[in-house]
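Only one structure is covered here, and it is reproduced in the block below.
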Amino acid sequence: MKDKLIIFDTTLRDGEQSPGASMTRDEKVRIARALERMKVDVIEAGFPAASQGDFEAVQAVADAIKDSTVCGLARALDKDIDRAGEALKGARSSRIHTFIATSPIHMQKKLNMTPDQVIEYAVRAVKRARQYTDNVEFSPEDAGRSEEDFLCRILEAVIDAGARTLNIPDTVGYSMPQQFGATIANLIQRIPNSDKAIFSVHCHNDLGLAVANSLSAVMNGARQVECTINGLGERAGNASLEEVVMAVRTRQDFFNCDTGLDAREIVTCSKLVSSITGFPVQPNKAIVGANAFAHESGIHQDGVLKNRETYEIMRAEDVGWTTNRMVLGKHSGRNAFKTRMAELGVDFAGEAELNDAFFRFKQLADKKHEIFDEDLQALISEQGFEAEDEHIKLVALKVCSETGEVPNATVTIRVGGKEMTGCAQGGGAVDASLKAIESLVKTGATLALYSVNNITNGTDAQGEVTVRLENAGRIVNGSGADTDIVIASAKAYINAVNKLQSPDQRQHPQKGDV
Ligand code: KIV
Ligand code: ZN
């Protein structure tokens, strides 16, 4: 019988700490639902003490999720623990994750505390967290650069105080796989009460070693890995969930543990996170990159046609790449649409939501002959975006782009019940359109990112546009999809402005008061 490897996903917390990867409360809930469908064991939903918005986002995830444990992060401070405990009240299964730094440089320069004081804070935090839940995790931050003797002392103390998961973070991505694995083995062996806790790892990717370090730890006794979809995360990111899960699954001859994940949900989850955060997935990214299963060279193609195992160690469909992706068309009915959506994990809240989605599907099918799963997902993403306080709506857009002339755009939007029209010139059709919208909404925000990705192939493919706006410490991502990328851009800009002006006053965690 193999051990269970617990998958702790921190896309919504550490992932959101990537510069610009902010998510609204509703977006966090949508990603959490996708993670739950994938059977992720623990979902770290945020850092409730960071801001009122983050508190509410964790609360919303805790209320929505039934099958995964929902976790909130807290510094080793009473006020943080209480906020986390409060935010997680509605969860069917909750965990509080508390941390304090243990490396000499962090203790001296950041905390200005002695090692004994750090232990005192850690123990107090764990005991306080235990008043809210039996499921308490402790992390010695910057463990990768901490002294092993000190780690043994503090970890023994927090186990005695009631911590049941000990997470060893390589906070700055400094460790080497062999060394990190040895540290895990030593801690498990040296800490007298180590059998009362599960050892976990949390690796950052500064040297590109986050997955290698995590797997080395697993080989040395770690039974929880903290990771993120697409490897999103602070700086160079965290260990990528899909790579860890598929490495362990593909090399079952090597690992004496496995996860309980439904890997067929991986690609859907990856696309959802990418479209919400506006962080595209590089084509050659393992597992979820568009080329991860594509064979270009003749020799490879020939080999795969004769026997796919000549060049493939995993099956694309096992991680959610569908081979027959053309699912619906102009003549498909409401039932076929609803059925395919259910297969993609989309449940409509009621008839009105289904009707709205079906109407949009028909509109798209008029413009685009073949509708793929990716188109359906974009459709739902858009519906999700619009559901969130879509105070401003795009009514009409006319652009004039001609060789030798300055492009200009005329845009009509509805703000509340009132229609307004604005015109602007720009360097191109997109620039003119966004300037025309800005002349009406006057956000004064900085455009931090503009990106276009084609959702499927062909010149009739939908373009998915992401726009990132930053204003007074708030960072928001807007998305829009359309077969016309100028319209997609206008939708994305309006979507971002709606978020910027929404009452959900969540600041990006990096801009919060923590
Ligand atoms: O990288 C890190 O140390 C963290 C901790 C809060 C676990 O994210
Ligand atoms: Zn981290």
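In case you wondered, yes, glycine gets a Cβ from its N, Cα and C as well.
Source: prediction; values computed, not measured.
Among the features that TrEMBL reports, domain 'Pyruvate carboxyltransferase' is placed at 5-267.
For D14, H202, H204, N238, the entry in TrEMBL reads Mn(2+) binding site. Other Cβ atoms within 10 Å of the Cβ of D14 (Mn(2+) binding site) number 24 in total over all chains.
Annotation comment: TrEMBL describes 393-514 as region 'Regulatory domain'.
Ranking the binding-site residues H202, H204 by C-beta neighbours within 10 Å puts H202 at the top. Taking the mean position of the Cβ atoms of D14, H202, H204, N238 as the Mn(2+) site, the remaining residues of that chain whose Cβ falls within 8 Å of it are T10, P169, T171, C203, N205, A210, E226, C227, T228, G233, E234, G237, A239. The Cβ of N238 (Mn(2+) binding site) lies under 8 Å from the Cβ of T10, D14, G15, H202, C203, H204, N205, A210, E226, C227, T228, G231, L232, each on the same chain and at least six residues away in sequence. Among the binding-site residues D14, H202, N238, residues whose Cβ is positioned under 6 Å from ligand 1 are identified as D14, H202. Residues in the region 'Regulatory domain' (393-514) partition by DSSP class (helix H, G, I; strand E, B; coil) as 32 helix, 51 strand, 39 coil.
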